Structures are given as C-alpha cells and as structure tokens.
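First the structure, in the form of structure tokens, and then the observations on it.
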Amino acid sequence: MLEHQTNTYQQNSTPALSAENLSIFYGDFKALKDISMRIPKNKVTAFIGPSGCGKSTLLRCFNRLNDLIDIFRLEGRILYHNQNIYDPDIDPVEIRRHIGMVFQKPNPFPKSIYDNIAYGVRVNGLAKSKEEMDEIVERSLRQAVLWDEVKDKLGQSGFALSGGQQQRLCIARAVAISPDVVLMDEPCASLDPISTVKVEELINELRQKYTIIIVTHNMQQATRIADLTAFFNAKAVESGQRFGYLVEFDKTNNIFQNPREKATQDYVSGRFG
C-alpha cells in the first residue's frame, strides 16, 4: 500500500499554514505519519478520506486543540508566519485568536445572539466602545449571511435559531475576531440540504477574506467549494491499529478528474474498500 505522499500542487507565495514532516501520537499510538503540506492563503482546502485516517486530528493540530489531550504529542513542525506554533514560548490561546474553529455540530454559547458574537471580541479586547462592538457584531453577522434573519432579535438566545442558523452564528462568532484562518470540521454534517447550501455559499464568500480548511466526508461538497483537496488514507499495522497518511494533495479538479495515485482514483470513484 502506498505510504508516500504526492504533492503536485506547487505555490510560490508564502502559505497560510504549512506542515513539515509531521507525525502525531496519542501515547504509543501513531495517528498520523510524516505529513508535509503547504496551505495557500485565501483558498478553500478540503481534507477527504475514510474514517480514521486522521483528517480531524490534523485539523485540530493547526490551532493546538489537541493540546487538551494529555497523551498527545507531535513530531515535526506546523508553521504560521514562519514560526512553529508548537514552540514552547508560543501561547496556544493567541494561536486560536488567529486560527479559528467551527465544529461539526453547531455549538452556540448559552447567551443571546448578540453576546455569542461579542464574547470573543470582549475577551480579546478588540472593541473600544459599545458603538465599535455593535459594528463588529453587525459586520460578522452580515459576513455569515445571517444579519437580515436576526437583526430584530439580537437579544434572543442563540438556541432559538434553527440548526442551519446556529451553524452560521458559530461561523460569525469565529470571524468576529478577524482570524487569518478558519478551520471547519464537517460543518454541514448535521444540517439539512437547504442549510448545507447556505453554508456552502457562505464559505465561497468567506474565501475572499479568510483561508479556510474544511474536513468533509461529502466528496460532492469538496468539488463544489474547494480550490484544493488533500486525500488521506489509513494503513493497518501488526497491532491492528491504523495510522493515517497523506496520499495526494492537488487542485480539486485534478484530484477528482485526473489523480496521480490509484488509491485516490479508487476513493473518489467509489471503488474504495
């Protein structure tokens, strides 16, 4: 089985994020092996692959959410602005200020719609006045294409919104603190088709200002929204455990129409497994 990776996408500009010879462990278990990739700025990059291949694990490494797991450790580097985000003197809270996350299930805070957006802005000291806070809240909700639906009920609970609206509220909350990168871990997995379309349209709008990395099991979704796609696979070892690795990373059209690797072709054509 293929264990090397094919990076046919080449970029000359400075990437938004890059992984260099990255391996991830939980205790003695190796979850990901030797990942190297450069994520371009202001593009949508999709991670696809079977369950258990490490897509979400890698995504969470990009803003150090895996630090919350005691047995997690990492070899290699993740570079943001040419600095390894895992250097000992780097504050993970500051990293998360610049690299935001939207999770699979909508998770609004138990607060009003207004305070869902304002919370991170307050914590980071990004608004100097009530007027400035109001502007940030409105701008963020407009960016999430939610303003017209909620502008007359900003004092209501975020839980009063529909599932699709809640997810757009979470996206608005993520962009309110003006991150460079927004990570999305299957953001449409729990949404109905109509809400999914709205979130995909939103992602297409947000790429103008943000770098977006999205994990998705929906390959049609990847073809609709992603500029680039990375295909990950998993290999079983003697213990029966499986480690993930990057098979191929290229422009989305190439991955789906002219992949270099047979494993990629088998997966995107439905012959996988």
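Each Cβ is built from the backbone N, Cα and C atoms, and glycine gets one as well.
Listed features, source Swiss-Prot:
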BINDING   GLY49, PRO50, SER51, GLY52, CYS53, GLY54, LYS55, SER56  ATP binding site
DOMAIN    17-259  domain 'ABC transporter'
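Annotated features, which come from Swiss-Prot, shown on the structure.
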residue : record           : Cβ contacts under 8 Å, 6 or more apart
GLY49   : ATP binding site : LYS55, PHE231, PHE232, ASN233, ALA234, GLY244, VAL247, TYR267
SER51   : ATP binding site : HIS217
GLY52   : ATP binding site : ALA234, ARG242, GLY244
CYS53   : ATP binding site : PHE232, ASN233, ALA234, ARG242, GLY244, TYR245
GLY54   : ATP binding site : ILE24, ALA31, LEU32, PHE232, ALA234, PHE243, GLY244, TYR245
SER56   : ATP binding site : ASP185, GLU186, VAL215
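The most densely surrounded of the binding-site residues PRO50, LYS55 is LYS55 (count of other Cβ atoms within 10 A of its Cβ).
In the predicted structure, the domain 'ABC transporter' (17-259) carries a mean pLDDT of 95. Within 8 Å of the centroid defined by the CB atoms of GLY49, PRO50, SER51, GLY52, CYS53, GLY54, LYS55, SER56, the record's ATP site, lie the Cβ atoms of THR57, PHE232, ALA234, GLY244, excluding the listed residues themselves.
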